[in-house]
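Peer 1: Supplied in structure tokens, the structure appears directly below.
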Amino acid sequence: MAPVLSKDSADIESILALNPRTQTHATLCSTSAKKLDKKHWKRNPDKNCFNCEKLENNFDDIKHTTLGERGALREAMRCLKCADAPCQKSCPTNLDIKSFITSIANKNYYGAAKMIFSDNPLGLTCGMVCPTSDLCVGGCNLYATEEGPINIGGLQQFATEVFKAMSIPQIRNPSLPPPEKMSEAYSAKIALFGAGPASISCASFLARLGYSDITIFEKQEYVGGLSTSEIPQFRLPYDVVNFEIELMKDLGVKIICGKSLSVNEMTLSTLKEKGYKAAFIGIGLPEPNKDAIFQGLTQDQGFYTSKDFLPLVAKGSKAGMCACHSPLPSIRGVVIVLGAGDTAFDCATSALRCGARRVFIVFRKGFVNIRAVPEEMELAKEEKCEFLPFLSPRKVIVKGGRIVAMQFVRTEQDETGKWNEDEDQMVHLKADVVISAFGSVLSDPKVKEALSPIKFNRWGLPEVDPETMQTSEAWVFAGGDVVGLANTTVESVNDGKQASWYIHKYVQSQYGASVSAKPELPLFYTPIDLVDISVEMAGLKFINPFGLASATPATSTSMIRRAFEAGWGFALTKTFSLDKDIVTNVSPRIIRGTTSGPMYGPGQSSFLNIELISEKTAAYWCQSVTELKADFPDNIVIASIMCSYNKNDWTELAKKSEDSGADALELNLSCPHGMGERGMGLACGQDPELVRNICRWVRQAVQIPFFAKLTPNVTDIVSIARAAKEGGANGVTATNTVSGLMGLKSDGTPWPAVGIAKRTTYGGVSGTAIRPIALRAVTSIARALPGFPILATGGIDSAESGLQFLHSGASVLQVCSAIQNQDFTVIEDYCTGLKALLYLKSIEELQDWDGQSPATVSHQKGKPVPRIAELMDKKLPSFGPYLEQRKKIIAENKIRLKEQNVAFSPLKRNCFIPKRPIPTIKDVIGKALQYLGTFGELSNVEQVVAMIDEEMCINCGKCYMTCNDSGYQAIQFDPETHLPTITDTCTGCTLCLSVCPIVDCIKMVSRTTPYEPKRGVPLSVNPVC
């Protein structure tokens, strides 16, 4: 009996065992069985598990905010990029959060990092440790929605980490004269004490201003202040601190370690004697605030202050911090941590990594009074630290030279709000180690004497003007913890930033110079910012290739003026006509597309419009063009015009436009709605003969360049472009919008619906949804008409997409929908993004990057994961019992590494230097054309197959399902581990990669065996090829 071809074979049926099927009845399963199922598939911690995870020597990243590229892009796309953004108002350093998230969404990670470091020289540190829930995130407008606020800290960390991986140095402000040509004031000696966040920030901004003799004196043999010594490695790795210090040193700032501010060493008086013109005090609060009950207790007995304990942990866990490798403190048994601030929680989670079996965090007040940010408290809770509120320490019990317990009394708050201690309620808590985290003070008399003659306030801290950070001595400034205004790293950074401007103002005044009334601190610059992105086309010089399309962003010339002020290189006017052809628009007329599904807000992948050309007169446009050219002579203004098929009309309007001073004309032969009914726009642009004649008429009428704007709504766009060239056009715009009907409501009425009758017409679809059509049009024209200028438009929403069009053969890029999604300031992102893309092409060490995207390392939730298969020769998913096995294997490996006691290698920063010429815009135009051809030119011998990275796989089975129901049934799906496996029947179709939610979890690799298609029935004849 012949096999039934339309039924799956037995081996395929086996593969399909877990493939979804339409439900035909309710499912029955006992509660006890479901509990077992739940346990097997559980990814989050079991609420019934009370054991601490073994964390000894595990200093891997534990932050919930950390993001990989996939997570960063999704989160950045979700951001609303609000007007007058509240998040920015809540940031102590006033980061332009809206703009840097815009850059991340556009895959311009350099642009995002530049924006961050411009306002915060410690942008990566703050991205990792900022209490964002109390700052920027607390003001996020998405708090008013179901999905909640944006993970701003994670996005900031991601962008700056990518920039760190680029290994590109900071440079002086390119607009400054060389150091030797700066005025004498910029050679003034400036000293800073303490190499912590406040001083690093202050020194960075002073160096950016142009000061060349800046020295930081640091008491310790390491730099970074509390960022190095007291914030644990699992929250802030030392290589991050070192990276930001190296950026500062790129500008010539010097650091001298082993030099302290003390009456026995360096004082303000001796500093002045040595010719220093200004000083900044950023020494933090160096001494612990120690309760009297701890007097006489030592570390050997089991007592530490946070000022003792955290630096010891840092030295034992932070590679590169010190020249030597110190062991971690040996903590065993039960640990009591006293305090309720961020430092107390850092002590608690660090104690677990030093071997503590159990940690109690004890504090005087209640949970609602905890000063630590929720992020820190949540991490300690997840790691099974215990919280004991309403307890005040009374006595430490020592036996046999070791701490064995502590006594506490209960605290209560009375009706007046005062806290009282009840001596009748005693609590006895056994412990092996006690860590006091009651804050820090400035109490060393030698340090205070060294600061003489500055005044101190009632808290024993330097008295400063909170606006200028100036002390009672005009030449001395202070900031950070030592002043008492800053409570966080980012606030210390801002203290240094604030002080830098007023130090600048003070120093200049000493040399008889003045500064601007409004503070103007320089931005962050690197060699990327020096890349030239100007381009010449049709004899016109464009300062950059980005311009406004003839569309809604050019509704008025005042809008074009604002666009030029923002940085756009050129603009087309909204298409205008002779007065006899003037139009009046309908409303509603511009709507969001349906191509993004139920996604509302910015980032729409398409819009549909039934808007006609400009309602303004030709006289308005011509006068305005004259004004724009007078005020912006370096910007290109192109007048977009439209007439019916009438030589006299085209001649008249073209001459008027030329006389206005326009650099060039665009002939709109492509408006897909409304104008065609009037014999204009599309009515002219679909016929090569009409296009050829119109171009001839205009060529005869004007001397300036002109470009025909083509419609994609034709069978062969090349024939239209060729006709335009034959008619004398200097180039073409490709393409206008695609004619479409965006959607119908459930009652059959359209949207947009005009008037009571709810009528509509086919409109023009724009946005990224039409990019594939536009790319095809541009490449087709560029291949057929080599060297013929093309102004690309159609889905350009970033530097990355703009580069695609340049590679396709376009010379300049018109933008509309992206501005509708955002605003004119996206131009800054586009320019920095394009500069970065060009610059990175010259760095040999980054050739495995895709644009600004680094090569993907195996990760889960954005954090690198160890390859379990390499540790135990077995593949394990990350859920249920397998997750517990993974944790156990990782814990054992961490202990093994600790026992090996391998010395830390010193950190070395090697900046990448271009080894190839940095390409210009001209160099990249048409680069992709060599790869395009006919299907017959493609090799059917060089086949690929899919390869899955099991460590990155999240076991969703999307690859399995699409392969089953849309492909070749070539993926097996394990019923217990949900690990997919590619079989040898894979045809390399790439559907699995296309639907996989994890970037680079699936890769296509070369097939190692010959590919033999399954024909179903043997061929009756031999194939021709």
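Residue numbering: from 1, along the chain as shown.
In case you wondered, yes, glycine gets a Cβ from its N, Cα and C as well.
Got these off Swiss-Prot a minute ago, pasting:
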- C79, C82, C87, C140: [4Fe-4S] cluster 1 binding site (BINDING)
- K384: N6-acetyllysine (MOD_RES)
- S550, K574, T575, K709, G767, T793, G794, G795, C816, S817: FMN binding site (BINDING)
- N609, N668, L669, S670, N736, T737: substrate binding site (BINDING)
- C671: active site, proton acceptor (ACT_SITE)
- S905: phosphoserine (MOD_RES)
- C986, C989, C992, C996: [4Fe-4S] cluster 4 binding site (BINDING)
Peer 1: Could you state the whole-number distance in Å separating the C-alpha atoms of S670 (substrate binding site) and T575 (FMN binding site)?
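Peer 2: The Cα atom of S670 (substrate binding site) is 11 Å away from the Cα atom of T575 (FMN binding site).
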Peer 1: Measuring Cα to Cα, how many angstrom lie between the residue listed as 'phosphoserine' and C992 ([4Fe-4S] cluster 4 binding site)?
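Peer 2: With distance taken Cα to Cα, C992 ([4Fe-4S] cluster 4 binding site) is 42 Å from the residue listed as 'phosphoserine'.
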Peer 1: Using C-alpha positions only, work out which of the recorded positions T575, C671, T737, C989 is nearest to C82 ([4Fe-4S] cluster 1 binding site).
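Peer 2: With Cα distances computed to C82 ([4Fe-4S] cluster 1 binding site), the winner among T575, C671, T737, C989 is T737.
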Peer 1: Have a look at the binding-site residues (G767, G794) and report the one with the fewest Cβ neighbours inside 10 Å.
Peer 2: G767
Peer 1: Taking 10 A as the limit, how many CB atoms besides its own sit near the CB of C816 (FMN binding site)?
Peer 2: 25
Peer 1: Other residues near the [4Fe-4S] cluster 1 site, CB within 8 A of the CB centroid of C79, C82, C87, C140?
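Peer 2: Neighbours found: L80, K81, A85, P86, I97, K98, I101, C136, G139, N141, L142, P149, I150, I152.
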Peer 1: Here's one to test understanding: among the binding-site residues N736, T737, C996, whose C-alpha is closest in space to the C-alpha of C79 ([4Fe-4S] cluster 1 binding site)?
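Peer 2: Minimum Cα distance from C79 ([4Fe-4S] cluster 1 binding site) across N736, T737, C996 lands on C996.
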Peer 1: Considering only the recorded positions K384, T737, C986, which residue has the minimal Cα-Cα separation from C87 ([4Fe-4S] cluster 1 binding site)?
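Peer 2: Considering only the listed recorded positions, the nearest one is K384.
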Peer 1: Just going by other Cβ atoms within 10 Å, which of the binding-site residues C140, L669, C986, C989, C992 has the emptiest spot?
Peer 2: C989
Peer 1: Across all chains shown, how many C-beta atoms besides its own are within 10 angstroms of the C-beta of T575 (FMN binding site)?
Peer 2: 26
Peer 1: So among N668, L669, T737, all listed as binding-site residues, which is physically nearest to G794 (FMN binding site)? Use the C-alpha atoms.
Peer 2: T737
Peer 1: Starting from the Cβ centroid of C986, C989, C992, C996, the recorded [4Fe-4S] cluster 4 site, name every other residue in that chain with its Cβ within 8 Å, sequence order please.
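Peer 2: Leaving out the recorded residues gives A946, C959, T962, C963, G967, A970, I971, I982, G988, T990, L991, L993, S994, I1002, M1004.
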Peer 1: Pick the one among the recorded positions N609, N736, S905 whose Cβ has the fewest other Cβ atoms within 10 Å in this structure.
Peer 2: S905
Peer 1: Under 8 Å between C-beta atoms and at least six apart in sequence, can you list the same-chain neighbours of T737 (substrate binding site), or say none if there are none?
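Peer 2: The answer is N609, P672, P712, G763, G764, V765, S766, I770.
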Peer 1: So what sits near C996 ([4Fe-4S] cluster 4 binding site) in its own chain, CB-to-CB under 8 Å and at least six residues off in sequence?
Peer 2: K958, C959, I1002
Peer 1: Near C82 ([4Fe-4S] cluster 1 binding site), how many other Cβ atoms are within 10 Å of its Cβ?
Peer 2: 16
Peer 1: Listing them in sequence order, which of the recorded positions C140, K384, S550, N736, C986 have their Cα within 10 Å of that of C671 (active site, proton acceptor)?
Peer 2: N736
